[in-house]
């Protein structure tokens, strides 16, 4: 809440006694805000502006009614301020906060929601399923809160335009003004105004069919169902239809098309569609209340979101630089001929021009790309021609548009004699191209130790870095050129320089599994546990890539087997997740810890379970690890196996002694998750090993509730045979039997 300030009195002619009813609301004027007001939303009866408060330096949203800019005593002004007072009293994380009223212009001052409304987001962004389900769930939480107030507060204008999103795409709903408006309207006026406001699609059929029908909580539930449809399909309901057609269709029991509902949608989304259909039932009495809706959306969201995050795959693209294309010239202008002739004899000129079948140069190539005859002659590889040209006054370090010098070209072409000639004429060994590649980089890339030695003898920087921080030693390690690496090391090259991502030459050699380079670098004193930017060591990379010999050598040399990366993954975690049995055993022999946890709380057993690696699971069980270790959301390995539907893994864990009745933070047991996934054998295994058929999660759902909701008769029969009770409500307001009756399956 913003700081309280002295309230200015409203014009008594405008609001009368309402000035005494504003409670703790602040009264603003336009002068309190900076001059620039940005229009962020516009509807039939209001506009929303973004403005910054001068003193508080904070952005606010100001909802103004264009028709209420003049001071007036109309009932609509009263309605506006009553809405503000009503909204200000509501404090909930998914309800937009009200800070006050604005006198000039007339409006309500609210918190500013950076991501705007859901109405603007749906047509412009492709939302992922977890985000869609979360938006639906958070909207249901907000509506459940409003309906739980005594007396219940009905929204009566629930639509994507009134569902606002913050920076992190979390929901806050707004606009509660329609309730008072409806009380002052006839049914005809209400429908006409709804059409103008764009809310006709969200009106339930009973409002069209019953003249004196007063809206109840079921009204909002119906509107919520249409919102669910819009979120799932990201389309407008009844697009292109006129007002009368919509009214007739809705009154007749027709709803937005379900053609977009695909069999490929996740199971949880199909269950959300089932909930949507129940919420827009033609009979208001059959629509669920928001308390049950919120419970169900919470269940679907929690079941959809696997708490497991895979360790990121390390991707190292082989670094390479290619020489420029020096197109052969066709003709030389008179000016270029004269320019060359001024410094070269006529016989020599003829010789220089004989560079290709066309026996000529192109003037535009020379000038536009800064390619000189010396570049062409070096690229042609003619030592004598280059020697002759260098005997005249030419720039030995001339650079093309991309920064290539003759020495760079000669080095990349592996022409040591040309390199020696250019160096004898003073060529700069450290002049780099536009990517920062010096001649020594190219020599290292090519494995050309002869040229590399020549360059070093003439002052080349052994630790020269290109633009991404790669040194010649990085390139030698990448390309497995042990000869160049030995030369660089003998010239005191830095053994552990970090490139832009933090990789050292040892990281690179370990990644590619170049055992000779790994031995050379480690033997010369390279830092074994150097960390790149994500804190992974060479051992992490070698394990992920399955480079057994590199791993063995690093461990023998003393590399830490328990080093953790930025996500808390050790090499053993990675081996477990990747299913690398031999490497896993090797790490254990060198003392790797079995109980280390990632930042999400996962042990190696969780990761092996998640990926279904039975050999590693048995190896861990033999090592007496905690089979019921709690990870993220207090999930055990058995929870993960049940969630994944891995029946063989579930049986393996149960046979090793895993607890079938462990409950995670929301009270879900492995049996709940197995029922949700529909894994028949997995359910049978759990029941055989003593799973509690009556286990309730924190909101009272039993496995039988889930089976009934899914309409899975076969599983429900198995549960009933195991003594599940289908006519007991437990902690929720409906029994499994009632859910089964409502299920369309």
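Cβ coordinates are placed from backbone N, Cα and C, and glycine is handled just like the others.
Noted in Swiss-Prot for the protein shown:
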DOMAIN    34-301  domain 'Protein kinase'
BINDING   40, 41, 42, 43, 44, 45, 46, 47, 48, 63  ATP binding site
ACT_SITE  157  active site, proton acceptor
REPEAT    369-398  repeat 'ANK 1'
REPEAT    402-431  repeat 'ANK 2'
REPEAT    435-464  repeat 'ANK 3'
REPEAT    468-497  repeat 'ANK 4'
REPEAT    501-530  repeat 'ANK 5'
REPEAT    534-563  repeat 'ANK 6'
REPEAT    567-596  repeat 'ANK 7'
REPEAT    600-629  repeat 'ANK 8'
REPEAT    633-662  repeat 'ANK 9'
REPEAT    666-695  repeat 'ANK 10'
REPEAT    699-728  repeat 'ANK 11'
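For the repeat 'ANK 5' (501-530), DSSP puts the residue distribution at 17 helix, 0 strand, 13 coil.
Taking H, G and I as helix, E and B as strand and the rest as coil, DSSP gives the repeat 'ANK 1' (369-398) the counts 16 helix, 0 strand, 14 coil. Working note on the binding-site residues 40, 48: by count of other C-beta atoms within 10 Å of each C-beta, 48 ranks first.
Residues in the repeat 'ANK 8' (600-629) partition by DSSP class (helix H, G, I; strand E, B; coil) as 17 helix, 0 strand, 13 coil. Mean pLDDT, taken over the repeat 'ANK 3' (435-464), works out to 97 on the 0 to 100 scale.
In this structure, of the binding-site residues 42, 46, the smallest number of CB atoms within 10 A of the CB marks 42. Helix, strand and coil residue tallies for the repeat 'ANK 6' (534-563), in that order: 17 helix, 0 strand, 13 coil [DSSP].
A sphere of 10 angstroms centred on the C-beta of the residue listed as 'active site, proton acceptor' encloses 23 other C-beta atoms.
Looking at residue 48 (ATP binding site) and the residue listed as 'active site, proton acceptor', their Cα atoms lie 16 Å from each other. Long-range Cβ contacts of the repeat 'ANK 3' (435-464) within its own chain (Cβ-Cβ under 8 Å, at least 6 residues beyond either end) map to 320-321, 403, 407-408, 411-412, 414, 416, 419-420, 423, 429, 470-473, 475-476, 479, 481, 483-484, 487-488, 491-494, 497. When DSSP labels each residue, the repeat 'ANK 11' (699-728) comes out as 17 helix, 0 strand, 13 coil, counted as helix, strand and coil in that order. Here residue 157 (active site, proton acceptor) is positioned 19 angstrom away from residue 40 (ATP binding site), judged by their C-alpha atoms.
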